[in-house]
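TrEMBL has this to say about the protein:
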type	residues	note
BINDING	F66, E126, F286, E309	substrate binding site
MOD_RES	S127	pyruvic acid (Ser)
ACT_SITE	S127	active site, schiff-base intermediate with substrate
ACT_SITE	C141	active site, proton donor
ACT_SITE	S292	active site, proton acceptor
ACT_SITE	H305	active site, proton acceptor
Amino acid sequence: MPFPLLSLSKNFPIKPTLSTSSSIFIPLSLFSSLLIHFPNFHFGFSLFFFSIWSRVFFLAMAVSGFEGFEKCLELHFFGDDNDPTVTTMGLRLLDFESLENVLRVVQCTVVSAVGNHFFDAYVLSESSLFVYPTKIIIKTCGTTQLLKSIRPLIHLAKNLGLTICGCRYTRGTFIFPKSQPFPHINFKQEVIYIEENLPNNLCFRKASVMPSKNPSYSWHVFSAASDNGAHFSDGEFTVEVCMTELDRVLARKFFKTGGDSAAKEMTELTGIGNINPRALICDFVFDPCGYSMNGVDGDRYSTIHVTPEDGFSYASFEYVGSVYDDQDDIVETLKKAVQVFKPATVSVSTTSHRREVWTRVAHAMEPLGLKCRSFAMDEFPTAGTVVFQTFTAARRK
């Protein structure tokens, strides 16, 4: 039986109704948690915080520009395999108030959510959060302080009987590095901060900056794991795509023009909904521009975030797949995602235990007129092989 979804109208305050037709969803378990902690809940507390955040956000943009390149943190945990609560729910038992407290430290908030049998996906004011029973992934852009979530998340997991056994942190090269706050001042400082906040059982650690011919496009990776090494699936791979200098005509499609249905319309108009037709999409449009979406397809997620402003336009696409899938699906998925934006520059990072995944990336980029300019490969303890490739358009039409 599919996981029940609670559809919420975008007109606040709101009255919850059981439906699957709206583009904003909240899992019933999340709504129950909200009612427990906020008896007079009308979702206004989150929107109030988001309203204040957005004002600060646009003031900061006026000074420099919005930092599109995300920081991504992935934490893995393990517990008693004989406890069915751990294997079926685990971290998903965290109440909404606890998650919001962590996100406030990071300096973002939840704006939309959806869930199924396998995991919960949250669209944030600055990117995304995915919560599985024994894995949590937070991806944030702008001047968020993502790494400050490590310690409270480990603490919350411990209260559920879970112990951290793996950590992975990745990011590209910031467009506006001088605007980043502590601990994201530079990669060296980030690594120091991560290691200070991880327990000693994560003994296999490695940090690496994977270069390209263009110094503006490097891939930063930190990985740490305990000796059980069972937290990363051998057959699973992750693809992280960063795109800059978006086609101006296509980028204009990500400026808000409609009302309550703007997110759904933007998803359809841009072709994002066709990237993976099987996925349930939870989308959100920012005012006056910008777009985020999470796709939920079984136990796999995908996510897109767009900063369309000319001069520092940026879009990202990330998805999880399996090496046992049809290899043509990898190519078609990447082609569809990149065609939505037609960027001048693309960087692609693939993380997998199987090296054949990265070979498909070039097959997807070349028909789009994108030529491979650099290639770097590195091995990380238990996390697998990371391959970083950059592509640039032969000519802008």
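Note that Cβ sites are derived from N, Cα and C of the backbone, with glycine treated the same way.
Taking the features listed in TrEMBL, we show where each one sits on the structure.
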residue : record                       : Cβ within 10 Å
E126    : substrate binding site       : 28
S127    : pyruvic acid (Ser)           : 25
C141    : active site, proton donor    : 27
F286    : substrate binding site       : 23
S292    : active site, proton acceptor : 25
H305    : active site, proton acceptor : 24
E309    : substrate binding site       : 18
Field: Integer Cα-Cα distance in angstrom, H305 (active site, proton acceptor) to the residue listed as 'active site, proton donor'
entry: 9
Query: Where E126 (substrate binding site) and S292 (active site, proton acceptor) are concerned, what is their Cα separation in Å, rounded?
result: 8
- line: Running the recorded positions S127, F286, E309 through a 10 angstrom C-alpha radius around C141 (active site, proton donor) leaves S127
Separation of alpha carbons, S292 (active site, proton acceptor) and E309 (substrate binding site) (Å): 15
- line: S127 (pyruvic acid (Ser)) to S292 (active site, proton acceptor), Cα to Cα, whole Å, comes out at 7
